[in-house]
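As recorded in TrEMBL, the features of this protein are as follows:
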DOMAIN    B:51-163  domain 'Ferric oxidoreductase'
TRANSMEM  B:12-33  transmembrane segment
TRANSMEM  B:53-71  transmembrane segment
TRANSMEM  B:83-101  transmembrane segment
TRANSMEM  B:117-135  transmembrane segment
TRANSMEM  B:155-173  transmembrane segment
TRANSMEM  B:179-194  transmembrane segment
Amino acid sequence: AAELKAAASAFKLDEPTTPEKDVTNYNNFYEFGTGKADPAANSADFKPTPWTIKVEGMVSKPREFGLEDLLAMPLEERTYRMRCVEAWSMVIPWIGFPLASLLDKVEPLGSAKYVAFETVVRPEQMPGQSGYFQPLPWPYVEGLRLDEARHPLTILSVGLYGRTLPNQNGAPVRLVVPWKYGFKGIKSIVKITLTDKQPPTTWNLSAANEYGFYANVNPAVDHPRWSQATENRIGEGGFFGGSRRDTLPFNGYGEEVASLYAGMDLAANF
Amino acid sequence: MIALPALPRKYHGASVWALYALGFVPAISGFYLGATGQLPGNAIKEFEHLLGIWALRFLIATLCITPIRDLFGINWIRYRRALGLLAFWYVAMHFSTYMILDKYLDFPQIVADIAKRPFITIGMAGFVMLIPLALTSNNWSIRRLGPRWNRLHKLVYVIAAAGALHFAMSVKVVGPEQMIYIAVVTALLVWRLFRPRFNQWRRGTAGRPGMGRAA
């Protein structure tokens, strides 16, 4: 990971950031294995450069963006809470830019309602994508409603802690949607498609009763196998750091995003 | 037949105590690393899972004693009580870690978890069944209960199945690791169905004296 300059932003938190060693050594990135330490251990051979993202579908100006185009966007540092669906959380200083500014460049059509994302498939560089046991169908796919995708909090991230993204965190470019569970934050993106239909999403395909399309952080709606009422903040001094805390609706971003879901039953649309 | 150098009888007692001491090493080292902030990431969960997986390993080891004697003629029965009790202590520590470190003794949430979530219900049932087995793992109880002791301790078959199931149901994707544990437990349980016939056949062919009591 190389050094990466970014402007300061108004997106800060008065909570301590999670130590970088935890952010980069405790990951869910099943393309590199299902263990939390697997992505850091198994991603050394992954080549995040050169890289292109194809943006297509219901847009006036479909095009490809090279990594250099993404790094030329006005980058800012934004510190967000990250809440995993597994009831743990981190505070991460991302570097990135609003997804909306990328979408503006391709001019979505009025008929576009959703944005679909796709992760790279490289079995020769991603050991989780080869062998007899494949934990998920590839490519990993995710999606957002267009208004969620255009929300000012939604960013494409190209770095963290002042450097380009480590492979295990989704190099070279990933999605960050801070009010949703972490699995929505699709990594190593190669394709973005504007569409008028709700796109399939990987974890929803894998277990529809456990992972919904929306996946908004919600302490009132339990995962079938565990409560979502509280979370374990990673990296706060081992067993006795007092790391168990209440989970906030929309991960604490309710003031900014709750209006997106006005009138929706969030227990049904989990 | 595999021929292992036999441990002199005078070391038998000491070897059992060595097994107890060795058996607690994963828990003690895990607790030390977690308490001093050296377990990466989610220290509490890592420790909880470490205790759970070792509980399952000790249950499996307990169930291996009989087939090892049947198949290889090696009698390690003197270690079986220690292995079973280690399994009990690891399950007890696993549950305590969940209750104290993970859930901060939030009893309403713990009760709700046990009642609502099948994998936790199954794990809890396994723990409850282990308690009478641990309480009767002493010579006095064996004498006192007689044949009933054997019947009671057959519960370990149900407990091992519950443990493997609890593990497989707790993960997001059932992978090779869970499948291996399920396969090993299944094989050990299926062996119990075949062993009367197997031992009868072997007694017939080898003309050997009896292989000891059922386990």
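Placement of Cβ uses the backbone N, Cα and C atoms for every residue, glycine included.
It should be emphasised that the depicted structure is a prediction, and the values quoted were computed from it without experimental measurement.
Among the stretches B:12-33, B:117-135, B:155-173, the one making the largest number of Cβ pairs under 8 Å with the transmembrane segment (B:53-71) is B:155-173. Averaged across the domain 'Ferric oxidoreductase' (B:51-163), the predicted model reaches a pLDDT of 96. Residues of the domain 'Ferric oxidoreductase' (B:51-163) grouped by DSSP class, helix first, strand second and coil last, total 99 helix, 0 strand, 14 coil.
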